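J.: Could you have a look at this structure, given as structure tokens, before my questions?
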Amino acid sequence: MQRRIMGIETEFGVTCTFHGHRRLSPDEVARYLFRRVVSWGRSSNVFLRNGARLYLDVGSHPEYATAECDSLTQLVTHDRAGERVLEDLLIDAEQRLADEGIGGDIYLFKNNTDSAGNSYGCHENYLIVRAGEFSRISDVLLPFLVTRQLICGAGKVLQTPKAATFCLSQRAEHIWEGVSSATTRSRPIINTRDEPHADAEKYRRLHVIVGDSNMSESTTMLKVGSASLVLEMIEAGVAFRDFSLDNPIRAIREVSHDLTGRRPVRLAGGRQASALDIQREYYARAVEYLQTREPNTQIEQVVDLWGRQLDAVESQDFAKVDTEIDWVIKRKLFQRYQDRYNMELSDPKISQLDLAYHDIKRGRGVFDLLQRKGLAARITTDEEIEAAVNTPPQTTRAKLRGEFISAAQEAGRDFTVDWVHLKLNDQAQRTVLCKDPFRSVDERVKRLIASM
């Protein structure tokens, strides 16, 4: 499948600092955030005009699920648009607090762990053909996902009883299973719950919940692009060396704690391989595969960055990728800070900096400041992100959903939507079922809109 439907779901961390005597719990802060949403959507679980879903998840975490995208730059742009949507809610909520005499600054973090050790996720969704053997996909994909922290981890300072240590991944410490149907209780790497949000006879949806939330656009593109390419190669019958892991959960932690990528990881049957060895195998197959695949500039950019990052890890010289990979950008920032102020990695100020890197408020968040200074590369533009806040992807089913929502809201009509249904809540209860996520034009939807 060379054209693939993809999406990213991001849960955001919430905290608030108060200036007066009045204090609010995280639950109350989250409700303030969603008050504007509830006022027009009558719910804290809504679909937006850009086709995305916005809702309050368990544990007061706002969650933004992008609309269906069929290209990498489109997905990166819509992922960033989610940050803007949440930032707008943040500004509105702070104003509401002020109007009620509650002085406070709300913070939304696009990260994966809070100071209490709770974890929340960034989930990737990939449409795959039903005909394939799912166990083969998960067998080949699992070693890739366990070791891809080397190329797309967000980086984290982990405080251990002995010392503070810099790790590749925020999520690695919180994953407890390889493949499972649960998402919260056991936190697997691949979630097998079969909800295709499409024609179930043709497709299923691969739900990957092991990834870090990335601030860097180029890292997001590499994370999703490399996984999508590996899926495409599996579907095309490309043969990979067997890197079945003896214990994926132990391996994911070992890989996260080794910035050199050289630490041996135990494979099934007693063999060993390093994270770098494993990533090199997938990368080599990708380079070969591109020779036979029809040209695609975005995929070529992904493979180029993949190779440069593996070279950087191998040589431990990160100069050629230090604006493109989250954990590399973050580590360089910490090192400069430590050198300037002569401080240890365990200093609380470094932990504050770690958190501030993921603050999504422009002008305050550290990543935003790095980006403005040219220290973090761009894939998209501010104008494209602003457009994506209100406009759905034009090449997928999201276009139908977005146009239906816009028309219904402007006509003042009551409606219900989900990923596959568009329904007018009138006497006729007219409903259109959109089972094909690739389809952006549908006469039935046009008629439904025209009838408003």
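Here the Cβ of each residue, glycine as well, is placed from N, Cα and C on the backbone.
Relevant sequence annotations retrieved from Swiss-Prot are reproduced here:
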- ASP57: active site, proton acceptor (ACT_SITE)
- GLU9, TYR55, GLU63: Mg(2+) binding site (BINDING)
- ARG53, THR66, TRP419: ATP binding site (BINDING)
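Could you tell me the structural context for the features on the list?
T.: Long-range Cβ contacts of ASP57 (active site, proton acceptor) within its own chain (separation 6+, distance under 8 Å): GLU11, GLU63, TYR120.
Taking the Cβ of GLU9 (Mg(2+) binding site) as centre and 10 Å as the limit, one finds 21 other Cβ atoms among all the protein chains shown.
DSSP gives TRP419 (ATP binding site) a coil state; it is part of no helix or strand. Residues near TRP419 (ATP binding site) in space but far in sequence (CB under 8 A, at least 6 apart, same chain), listed by position: ARG53, HIS197.
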J.: Quick one: what's DSSP say for THR66 (ATP binding site), helix, strand or coil?
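T.: In three-state terms, THR66 (ATP binding site) counts as coil.
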J.: Residues other than ARG53, THR66, TRP419 within 8 Å, Cβ to Cβ centroid, of the ATP site?
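T.: Residues close to the ATP site, other than ARG53, THR66, TRP419: GLY7, GLU9, PHE47, GLY51, ALA52, ALA65, ALA67, GLU68, ALA398.
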J.: Ranked by the number of other Cβ atoms within 10 Å of their own Cβ, which of the binding-site residues TYR55, GLU63, THR66 ranks first?
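T.: Answer by Cβ density within 10 Å: THR66.
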J.: For THR66 (ATP binding site) and GLU9 (Mg(2+) binding site), determine the Cα separation and express it in whole Å.
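T.: On Cα coordinates alone, these residues lie 6 Å apart.
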J.: Report the largest Cα to Cα distance, in Å and rounded to a whole number, among the residues ARG53, THR66, TRP419 that the record lists as binding ATP.
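T.: Binding-site diameter by Cα atoms for ATP: 11 Å.
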